[in-house]
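Structure record follows, encoded as structure tokens.
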Amino acid sequence: MTQQESTMSLIFLQLLLLLSCLTLNNSIAESTTIINVWPKPRNLTWSPPYQTTLLSSTFTITTTTNHHNKHLSIAIRRYQNLIKSEHHHPLVPQAVNISNKYLPPLQTLKVTVVDTAAELVHAVDESYTLSILPSSCATLTAKTVWGAMRGLETFSQLAWGHPTQVPVGVHVCDSPLYAHRGVMVDTARNYYPVKDLMRTVKALSMNKLNVLHLHLTDAESFPLVLPSEPALAEKGAYAPHMVYSPKDVKKLVEFGLDHGVRIIPEIDTPGHTASWALAHPDIVTCANMFWWPAGRDWPHRFASQPGTGHLNPLNPKTYQVLKNVIHDITTLFPEPFFHSGTDEIVPGCWKTDPAIQKYLSNGGTLNQLLEKYINNTLPFIVSLNHTVVFWEDVLLDDIVHVPSAILPKEHVILQTWHNGHNHTKKIVSAGYRTIVSSAEFYYLDCGHGSYVGNNSAYDNQDGDMGNGGSWCAPFKTWQTIYNYDIAYGLSEGEAKLVLGGEVALWSEQSDPTVLDARIWPRASALAESMWSGNRDEKGVKRYAEATDRLNEWRSRMVSRGIGAEPIQPFYCVKNPGMCNTVHPV
């Protein structure tokens, strides 16, 4: 057989393996507790007698066809180095039959990618198959580069010990339940250097998460340097060194592609824009006023937290600046999703402006003000070939919202953050696609109290602090995140409009010193629920079984340089079952 015939035969075999997975990937992953992979694959089998073999000292990862995809090449080099050098020691030793002397060492992982040109966009195929047979060669097949990266991550977690060993007789057919699986990080309340965001991208990729949503600007600061509007960062950033330059953005975007992670930018407007007033005071209403003046009740506040300012929809200059900002953002970030915020419009802020006061007194409404803003920005974003993501408020806010007629469903996605299943149902029943970030389950900042000073709630001698000033308390545990069913109560058609979910780290009380522990391993819980679900093959929630695996995975993340917080004392790891609420049967 010629080399070409051999290659074609291999590709044909791997395509057959991919087809064999199509009927399996609709099922929940089989129970294979003696192998730890996070997130758990949709279908993983390890055939008895559960043997392992050694990894050859000359182990290599190769591709079966020539390609010119630099992101695949970088990923292969990264994983080859990791697999040969990691030598992970499981917290609980694997109970396997080590028959190394009877099995050949594993020399090669051959990777076949059907389409090396497919771009990293929403709903790109991330499926893969992985086979490790009792031979010197393992095989990984994926339709795209991004699926190959997910398979390489799985393979890396199947290697452990010193010398490194891998299980043989393993077959994995895998693909995600949800296409959108992410973490949102707020870079405006506190600044995160690029190196910290890059480390977060690495952790996202380890967990098969594929989106880093950056809430780049807010009332507090504007850290993004834009070529067309440099004054926004020059005056709106906290300090000259607390900015993201175009070079920084390019570096982060490329790093994301190397790890299979999309970087989605959010520029929150027209509310949350106090920082814009430092460069353009004439387009911002109620700038630099105290957020909740004495004597005013909550509905008549100027902002929902310190930092006041809304863009003025009646000022033509507002749209000149916005078009410059939007154009630069879509140029810096090639990602097809553009997040335009549009949450928490506070009427009191707009009402401080004389022109808006006159507009309202002449019969205009707050909803019409927001509609004017949307009509002047949404079509421009769409003209740049981008899908617009809004927070749910644009449609569902009780006071300021717009009719669905001006939010075309083919161009708009709504991200939900209020009222859990209820608002998810409202959005999809209206025909909109949605990304779920329900604060009751997915907000990572909750439970740390309030950051505003002079708060009398803390002057309490009976110990009953209520929520301690934290509006979304209590702390969202990994179990809370893991067990949340984002399509609960939806019809089959409605469930198809749920693109996936994001956990969100708002940064009023977070910065680089706590970044890893705030996110991990709680975002790992989201990762598994979005990838293979939170139920076993019988439809039973598997959080009890997941605890031991998450302890193990958290340990491995720490060894890889991610400062993930512990979920249990080590006693629980060493004494399986003893930390349950009910004694295991």
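Residue 1 is the first one shown; counting continues down the chain.
Placement of Cβ uses the backbone N, Cα and C atoms for every residue, glycine included.
Residues annotated as signal peptide in TrEMBL: 1-29.
Taken from TrEMBL, the feature domain 'Beta-hexosaminidase eukaryotic type N-terminal' covers 37-158. In the domain 'Beta-hexosaminidase eukaryotic type N-terminal' (37-158), the DSSP tally of helix, strand and coil residues is 32 helix, 42 strand, 48 coil.
The average per-residue pLDDT of the prediction over the domain 'Glycoside hydrolase family 20 catalytic' (178-533) is 96, rounded to a whole number. The domain 'Glycoside hydrolase family 20 catalytic' annotation in TrEMBL covers 178-533.
Taken from TrEMBL, the feature active site, proton donor covers Glu344.
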Glu344 (active site, proton donor) has its Cβ surrounded, within 10 angstroms, by a count of other Cβ atoms equal to 17
